[in-house]
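Chemist: Quick one: this structure, given as structure tokens, is what I'll be asking you about.
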Amino acid sequence: KICESSGESLVSCEGECCSVFHMECLGLKSMPEEKFICTECKNGEHTCFSCKLPGKDVKRCSVNTCGKFYHEACVRKFATALFESRGFRCPQHCCTACSMDKDIHKASKGRMVRCFRCPIAYHSGDGCIAAGSLFVSSHILICSNHSKRNHSSSAVNVGFCFVCARGGKLLCCESCPASFHPECLNIEMPEGCWNCNDCKAGKKLRYKQIVWVKLGNYRQVRYFGVLMLWMWWPAEICNPRSVPLNIQGLKHDIGDFPVFFFGSHDYYWVHQGRVFPYVEGDKSFAEGQTSINKTFKKALEEAAKRFQELKAQRESKEALEIERNSRKPPPYKHIKSNKVIGKVQIQVADLSEIPRCNCKPSDENPCGLESECLNRMLQYECHPQVCPAGERCQNQCFTKRLYPDAEIIKTDRRGWGLRTKRSIKKGEFVNEYVGELIDEEECRLRIKRAHENSVTNFYMLTVTKDRIIDAGPKGNYSRFMNHSCNPNCETQKWTVNGDIRVGLFALCDIPAGMELTFNYNLDCLGNGRTECHCGAENCSGFLGVRPKTAFATANEEKVKNAKLKQKKRKIKTEQKQMHEDNCFQCGDGGELVMCDKKDCPKAYHLLCLNLTQPPFGKWECPWHQCDVCSNPAVSFCEFCPHSFCKDHEKGALVASALDGRPCCSAHD
């Protein structure tokens, strides 16, 4: 921990920090005979691994072998941190690269290589590790964020905009060669240093990536006898261990990585400030130019060929992984009962408060489906110590987990599903919907995090206003039950030992081998306007929309009047109305709620509307109501949902620089 070097004679702290030290770094001449505890663990004042400030208000990562401490505000800045009921798993247990690629399921799995100085971790292997990282040992590195590079060797920027590919007055990134026209980013020219979005997000180059490299500051340079025209030359980033020994021995620092130049077949050490990614078709600008250097032309051809090779390897690997994943469902933790997260509490009733039914032990099926059990009618589960039927009571399915045998299956268009192995009677208990019990605030955070990571599958179901079951990370087989507009099961809220729980019950007799489904209609949060593939005759077309009424018979259709036919045509037309793919409020994609007003293409995230579930019935978006008085709007900002009525439109909107489109004061 002190000198950042590996070696022998290491002493491990047996306190909470799990740190190791050289004996000489601690000033010891021999191994301590008693249990060794470092100064920080003795004082109880640990240093935050993110901001490096000590204090007693820091919290330890919940992983036993980790030993890293953080301020809660510091760890919440990392999207790779995972908060649980017992605390949090710090960012060093989630691959930063996979998280950037939105591969959430893969990010926290597999062997990690962790940065010694900051909360960054990668999967071992060239596919994830940032180029320029320095390995300290097989599982510890110093990531490229800790480069000691000074200002004199900062980024060398390109002379064209990365958006429109034209020159002119450009806004240049301080950390990489990226350049942009401010108007292409819809921003004003900032003062001082500026970094592009990729650099702000921490996006890094990786090994085996094809890039453009610039070595000098002049227009031309002769390197190893080759005249490199335009100075941007195609190359491949190499792992330092795979380059010749004489190249490994050249002077370099943390953040530097070797590149292999196409055409000339030379190596050189560069850093991120002189490199930007090659994209398919980049060689096209040199076609038709007779004066181009032969070596450079050869380099372009080799780069294009190598790019296709790496692309084919990547696609083959992805296809193999998809095929492997298709054999089993995405990972989740199987649990038998609800797990509390945060402030939510599970209610437990006193025995004197639990209702007593009138069933008798001598009844044929006491408290059964066809009995007149008062508790069953009121959706209360009998308690074994209270029910007069005693051990013969048949109304304890939640407590005893009396589920019919079922199996997880792969469906054609709806992912994974659940199928019963035996026949089920109408009204019979099928399963309990279990997962993590969270409150509304945690639900909003999870939906927001899901949108940021392009997650489209939600398993959230409302119990009460402030109690939501999320069966995403943890749950039982009920989480695999698909939606249907004509379901064979339904959700019911039952009181079990004083606590409200959600059960799934059969709506009809279900034969063995039939898929189990229930209607998500306004029960599940986060689905927005997701297309429905249930295949039922009365399918509404979307999740969260009421199913259509049963189709008319052939005789009835013959006597349908023209007005009804016209109405059907209108419904069909409305379903084909095109909506925008991004939220009108924040500009990001994901699961969206569409405006139902005719000809309005706007769509929104539930979170951006401050909603926890899709609005019921026909819904018009905020763009159609005045911001001041909520009356119908007549003037609209074309960049956000702000709008104004006739009484308040004066001076509210001005013509923007983008084709004179009206904009409100929220935009510069």
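Glycine is no exception: its Cβ is also placed from the backbone N, Cα and C atoms.
Just so you know, TrEMBL annotations never went through curation; they're auto-generated.
What TrEMBL shows for this protein is this:
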type: DOMAIN; residues: 158-202; note: domain 'PHD-type'
type: DOMAIN; residues: 207-281; note: domain 'PWWP'
type: COILED; residues: 293-320; note: coiled coil
type: DOMAIN; residues: 352-402; note: domain 'AWS'
type: DOMAIN; residues: 404-521; note: domain 'SET'
type: DOMAIN; residues: 528-544; note: domain 'Post-SET'
type: COILED; residues: 554-581; note: coiled coil
Chemist: Tell me the residue counts in helix, strand and coil for the domain 'PHD-type' (158-202), as DSSP assigns them.
Modeler: 8 helix, 4 strand, 33 coil
Chemist: Provide the three-state DSSP residue tally for the domain 'Post-SET' (528-544): helix first, then strand, then coil.
Modeler: 0 helix, 2 strand, 15 coil
Chemist: How do the residues of the domain 'SET' (404-521) split into helix, strand and coil according to DSSP?
Modeler: 17 helix, 52 strand, 49 coil
Chemist: Could you give me three numbers for the domain 'AWS' (352-402), the DSSP helix, strand and coil residue counts?
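Modeler: Once the DSSP states are binned, the domain 'AWS' (352-402) shows 13 helix, 1 strand, 37 coil.
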Chemist: Using Cβ atoms and a strict cutoff of less than 8 Å, what residues sit near the domain 'Post-SET' (528-544) while being 6 or more residues removed from its termini?
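Modeler: Long-range Cβ neighbours of the domain 'Post-SET' (528-544): 413-414, 456, 482-486, 517, 520-522, 550-551, 575, 579, 590-594, 603, 605-606, 613-614.
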